[in-house]
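Student: Sharing the feature lines straight out of Swiss-Prot:
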- Cys149, Cys152, Cys202, Cys205: Zn(2+) 1 binding site (BINDING)
- Cys166, Cys169, Cys188, Cys191: Zn(2+) 2 binding site (BINDING)
- 5-70: domain 'J' (DOMAIN)
- 149-156: repeat 'CXXCXGXG motif' (REPEAT)
- 166-173: repeat 'CXXCXGXG motif' (REPEAT)
- 188-195: repeat 'CXXCXGXG motif' (REPEAT)
- 202-209: repeat 'CXXCXGXG motif' (REPEAT)
- 136-214: zinc finger (ZN_FING)
Amino acid sequence: MAKRDYYEVLGVAKNASDDEIKKAYRKLAMKYHPDRNPDSKDAEEHFKEAKEAYEMLSDGQKRAAYDQYGHAGVDPNVGAAGAQGFGGFADAFGDIFGDIFGQAAGGGRARGGPQVYRGADLRYSMEITLEQAAHGYDTQIRVPSWAACGVCHGSGAKPGTKPETCPTCHGQGTVRMSQGFFSIQQTCPKCHGTGTYIPEPCAHCHGSGKVKETKTLEVKIPAGIDDGMRIRSAGNGEPGINGGPSGDLYVEIHIKPHAVFERDGDDLHCQMPIPFTTAALGGEIEVPTLAGRASFTVPEGTQSGKTFRLRGKGIKGLRSSIAGDLYVHVQVETPVKLTDQQRDLLKQFEKSLAEGGPRHSPQSKSWFDRVKSFFE
């Protein structure tokens, strides 16, 4: 099944700004997050689709490749043999363009030397709580990595032997191919651009010169980070080839849904049930915040759905000098499981309201005025 256009997935125009793309992704992520739709396969697919689209369009280089080449420009399966991670369209033509212009996508070659490639970037997905996002969080992660083989000390050759000059390219890493009037250089098919070959590979690393290991890294998550943001750890991606630089590690942050608060940028929203007596008579109520407790006064006659704004009780974002606000949406709660005495008191109260006329229930009067024509 063909992939949908990434801009179509997020519902934004092709010239959308980074903020518009981020806002569209946040809206879809909140709507389709698996934690909010635990039994919906359809929601899960929508969430994955939106996440993939955001990952591509929020990265300047990937977005440029996608705009020029479409899905082929960012498909990691279209790349040089053995490439992993963030390879793209240009990698598929690395050997050809690198040989002609002296530099491949993500790699280059010193004149007369072997092909040099930058290591692939790695991505690590991390879930944190809203509290950790608001206050900052230091943690450790374990990621797969590569280290020099301890048996051959990184040479790839069996102990007691050593790599030899490639007889096909004579150590150049490239061979010249001629066809008619054209002559181009290509990566040597025997040594794959290294300029050497290993007649007796190391049995431990199978000639690669490296072994897989798990590396522990310190990650400092800054206070105010938002869902979908990435933290870059330079040089902690996959190692380069033939002395090329290592790639980077990107830690992608995902914030778990909160039991009380819903985040909207630097602002927070929460639903607050209050007794109908407090709504009618007014009074002071206490609400939770990420920094502790806060209180505010509910005026007499507060209706269900009324929103109160507590300034500075939200989150201080990464690029903000002040914290956002907390919006408390009150829900007037109807009492249940009444005693006989309570029922009698409410009936007396109801009777006194009726005697007082519509001034006690202005919304009900307005509603009945609008619908009375249906009953005439």
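From the backbone N, Cα and C atoms, a Cβ is placed for every residue, glycine too.
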Student: Can you tell me which parts of the same chain pack against the repeat 'CXXCXGXG motif' (202-209), counting only residues 6+ beyond its ends and a CB-CB cutoff under 8 A?
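Tutor: Here the qualifying positions are 148-152, 154-159.
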Student: Out of Cys169, Cys188, Cys191, which of these binding-site residues is nearest Cys149 (Zn(2+) 1 binding site) by C-alpha distance?
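Tutor: Closest recorded candidate to Cys149 (Zn(2+) 1 binding site) by Cα: Cys191.
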Student: Long-range neighbours only, meaning 6 or more apart in sequence with Cβ under 8 Å: which ones does Cys205 (Zn(2+) 1 binding site) have?
Tutor: Cys149, Val151, Cys152, Gly156, Val211
Student: I need the CA-to-CA distance for Cys169 (Zn(2+) 2 binding site) versus Cys202 (Zn(2+) 1 binding site), whole Å please.
Tutor: 23
Student: How do the residues of the repeat 'CXXCXGXG motif' (202-209) split into helix, strand and coil according to DSSP?
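Tutor: When I sort the residues of the repeat 'CXXCXGXG motif' (202-209) into the three classes, I find 0 helix, 0 strand, 8 coil.
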Student: If you count other CB atoms within 10 A of each CB, which of Cys191, Cys202 wins among these binding-site residues?
Tutor: Cys191
Student: Tell me which residues of the chain lie with their Cβ under 8 angstroms from that of Cys166 (Zn(2+) 2 binding site), as long as they are six or more apart in sequence?
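Tutor: Counting only residues 6 or more apart in sequence, the Cβ neighbours of Cys166 (Zn(2+) 2 binding site) under 8 Å are Gly173, Cys188, Lys190, Cys191, Thr194, Gly195, Thr196, Tyr197.
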Student: State the mean pLDDT for the repeat 'CXXCXGXG motif' (202-209).
Tutor: 88
